[in-house]
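Annotated features in TrEMBL:
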COMPBIAS  A:1-19  compositional bias 'Polar residues'
REGION    A:1-81  region 'Disordered'
COMPBIAS  A:43-73  compositional bias 'Basic and acidic residues'
REGION    A:120-162  region 'Disordered'
COMPBIAS  A:143-157  compositional bias 'Basic residues'
COMPBIAS  A:217-248  compositional bias 'Basic and acidic residues'
REGION    A:217-250  region 'Disordered'
REGION    A:281-300  region 'Disordered'
Amino acid sequence: MDSDSPSSEHGFSLISSNAKRTRKRKVEGKDNVRKTRKKKHKTDSDEKTKKVGDDPAKLDFEEAKDTESNSEHDNEEVTDEFASIKEELSNLSFEELKKLKEKLGLKVFNQVLYGDKDRTGSEKKVFKRANKNRPMEISSKKPVQRFRKAAPVKKKVTRDPRFDDLSGDYREELFSRSYGFLDDIKHREREKVEKSVKKEKNPEKKKELQFLLNRMKQQELTDNRKEQQKRIERDWKKKEQTRVKEGKNPFYLKKAERRKLELAEKYKELQKSGKVDAYLGKKRKKTAQKEKKKLPVQVL
Amino acid sequence: EGERKAEVVTSSDEEETAQEKKLRLAKEYLANLEQEEAEKREEDDIHRDIISHRLKQDLLEQSGKVQKLVADGYEQPSLDDIIVLRGHQLSVTCVVISPDKRHVFSGSKDCSIIKWDAVEGKRLHTIPGGRKGTEDTHTGHTDHVFCLAMSSDGKFLASGGKNKFVLLWNPDTCQLIHRFNGHRGAISGLAFRIGSHQLFSASHDRSIKIWNVDELAYIETLFGHSDAITGIDSLFRDRAITSGGRDASIRIWKVVEESQLVFNGDPGSIDCIAFINESNFISGTDNNSISIWSLMKKKPLVTVKNAHHGQDQNGNSSTQTNWITCVAALHNTDLVASGSRDGCIKLWKISKNYTVLQPLYSIPMVGFVNSLAFSPDGQVLVAGIGQEHKLGRWWRIKEAKNGIRIIKLKRKDV
């Protein structure tokens, strides 16, 4: 009995030392997983922590199986491995043996113990199907990854129409034509703000609203002026087209000419509203002030 | 016939290769056949033709080529043919019928398993469920029972549920034989391989474990599904088929080759699966569709959408699609059954070349049809009915009575 005990202890301690080794690895946790991923290509039997169930003896067995499966090893080495495992097993008690059987599974246990003739030689089974309509065939022994695609999630592609090539280049007339409806909306909103300004009692808010109203009004005015300028341009171009049809050279609308036309239009508008005199009066005053500056300064 | 290759047998080997095993089994089988035929004929010389005919038949059956066209021979089951057996307190989740048709076992959400007499319609024995927390002391389940399976010789009954272990019972005495630990999730399906004592168990931990019930040992684990397994079935061959729920895949596991065949279905949860014969199977999804598949194609042969389009008790068509809760098939024939919560069990007929699935009859059945089982000769259909779905309490049909229904399928008089 005494002669047996040190060897049995040795056999047991072999396994238990493996256990300690793997327990350490277990504790490291996340780093562990990363390590195994990096060392995927190593055929070394060290990195077996990715297997399900961190049982030390199981790892031992799996190592043996995989060392066998590396076709580089000779058959003799394989039998040596088996012999060593069998020796270890013979030193285990019956209860431990039973537990081992339960943990590993009968198939694996029998394969290693009695040697499996099917496995020697055929390693990575390549499953090829007869035609593409047949179902796919894959190995049933590989545990599924923890993180796997559950449901396909579509990635939202964001497009900024300002910088996207798909939107094309900016064309002002097209833009104004397609978004012309906004002007009507702005007009309506301005009227609303006007009404609310009248109603508003709170002086601060009234001030704010007044500012807003002014802003809106000014924006409208600038838009109108821009439109007017474009109209002038368009009319001139139309006129020039008739000249081109006749065969003559078209003239370019100079800035001065443009200003004149604008002025003419303004005069027409003023006549409609009847404010010609007021306008002319203001204009005269302004020019008078400017003229005054040119006069010599009297020093007393 | 005789497709087995003869391998050179080395004298010193104790273990046999798979081929040697096949050879030995084939020889034994032939010997058995000869004996049977000899007994039948009571003559000295046995005609080879008879043996070959028998072999052909069996081979056809096993390879799935034979399809007995029996569906047309049945008539509409009337209400008199339905026996209601009540005894469970909560919804019945699973039923099995013994091979001799005399007993029916049912498992339920109240953690109990009841043995019924199918012939007389009485409750014979109850294996009660225990309270939560008494797993160590109580013999039986202390949480919902999800699945039952019985071996084809009637010697073993296996049960599994939320408790994560598989219990093995003796069906005659209802005594516990063994408890198989190992799964890390609820056991959602159990299946015995016909003609053997090999048990497949499928679980919510996405793995399948194979157990040898003779030696009470765990053999191996199979991986592949990426979602909890919802159903498992097995026939004569050393294969099992499983449906994988939300991963929309059905897998056939070849145990010997350690490989799996993957079939991809429509995106939706495949909730139930059943073998029709060795090369065809039927599946039901939670999109109210039933599909017939072949081993040779990765896509289904036939799909019937909106299979259970029934209405509620109050006559309102449900706003949510009816899930197909279970499917069952009469082996090697063209008759299949499906159940949902729309108030009926539907019987379908498969056309000769598996191109059409025709609705045959509709058996009115209020409640969730959580489980269906055909008797091997096709004379009886057993259904496990509950007020709730077997896996949860999304709906509750108050008008339903928890229990099993034994439906006699009568043949038309020709």
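Using N, Cα and C of the backbone, Cβ positions are placed for all residues, glycine too.
Where the annotation comes from TrEMBL, it is an automatic prediction and has not been curated.
The model shown is predicted, which means the values in this text are computed figures rather than measured ones.
Sequence-distant contacts of the region 'Disordered' (A:281-300) (same chain, six or more residues past either end, CB-CB distance under 8 Å): none. Per DSSP, the secondary structure of the region 'Disordered' (A:217-250) breaks down as 30 helix, 0 strand, 4 coil.
Taking DSSP states H, G and I as helix and E and B as strand, the region 'Disordered' (A:281-300) has 14 helix, 0 strand, 6 coil.
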